[in-house]
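Copied over from TrEMBL, here are the features:
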BINDING   Gly30, Leu31, Asn32, Gly33, Ala34, Gly35, Lys36, Thr37  ATP binding site
DOMAIN    22-353  domain 'AAA+ ATPase'
Amino acid sequence: MTLTRLQVDGVRILRDMRLDPVDGINVIAGLNGAGKTSLLEAIHLLATGHSFRTRQLDPVLSRGADALLVSGTVGEGGYPVGIRKSAGGTEVRIRGRRAAGMAELARELPVLAIHPESHVLVAGPPGQRRAFMDWGAFHREADFHGIWVRYRKLLQQRNAALRSGADPRLLRAWDDELASAGERLHERRAAYVAALDNALTSLLAGWPEMAALAWEYRRGWAQGTTLRETLERQMARDVAGGFTHAGPHRAELVWRLDGGPAAEVASRGQQKSLVILLKLAQARVLQLETGRAPIVLVDDLASELDAARRERVLQLLRELGAQVFVTVIDAGSLDVSGWAQARMFHVEHGQVRVVS
């Protein structure tokens, strides 16, 4: 799925901006503060409902604006999609009708972002890695979102009951449902990690510094037991602590480099390289299993990798058939001669013009 037109109003310094991208690579050049990253944020907002830099509205909203509006034309048929966000809420529209929620648009427009803070996927809290797995499972399994929503609702109810001092006998009333939803959530994550494993292994050949990489998926409760059995066994601990200690909400994906946790032993550069590999693996799994590549947003690629690595990343994205939006300060720092479709844009003071 690709964007054939983008219109943005109210995202940071972008006001009444229009972009007509190509299906291949779109290079967004300009000085720092010109609005390059804001443009990528707008695309991410359209696809996910939030910026890749923050989930808060205020930092993204243009000064003096009451709302932001991002709309676009998507796919071969050229159908319209759009999102409007304000303090009063979010409205999503697809093909001229109001969508039920953000998940519907997210499924239509899979987007991956690689940016200077992406290393938090490796070095940040476990929630970052659960979100990474859930992105893939969401686009892989039609029922994943419903299972995820159901599990979160049941977990919130159980935790509220634990905090209120409810009788453990009452807590057990919905533990069967919680355990069932949790097991299903784990199964879909595990299946996705297995698919990701194959894609990542094939990519590692081009990154010799990652040859010693190993990874492990931890489901959030002990092996050799069901989640229902674990909930029962840990009931007293949960009551004492006021929250549920075990379940897929405690899942983790651990990467090791040279035998140690990548979050601790890998340099910042190695962490960034690992994140790029992980995102490329996600793109490859999506393309292989659904026949469509995601839109890939790459913010400040030149500062993330040396010239050889930049070319390797762009080559892999080109082979996937992904639509790419990449920001640079100097348009000449990227060689896009191998792309069938390439377009250069220049951003200055929030306004965009086509260069070539």
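For all residues, glycine too, the Cβ spot is worked out from N, Cα and C.
Apart from the site residues Gly30, Leu31, Asn32, Gly33, Ala34, Gly35, Lys36, Thr37, the chain places the Cβ of Ser38, Thr327, Val347, Glu348 no farther than 8 Å from the centroid of the site's Cβ atoms, the recorded ATP location. In the structure shown, across all protein chains, Ala34 is the one of the binding-site residues Leu31, Ala34 with the greatest number of other Cβ atoms within 10 Å. Under 8 Å, Cβ to Cβ, and six or more positions away along its own chain, Lys36 (ATP binding site) finds Ile28, Ala29, Gly30, Asp299, Thr327, Val347. Fewest other C-beta atoms within 10 Å: among the binding-site residues Gly30, Gly33, Gly35, that description fits Gly33. Taking every protein chain shown into account, Asn32, Thr37 are the binding-site residues, and of these the Cβ with the most other Cβ atoms within 10 Å belongs to Thr37. Taking the domain 'AAA+ ATPase' (22-353) as a whole, pLDDT averages 93 in the prediction. Reduced to three states, the DSSP call for Leu31 (ATP binding site) is coil.
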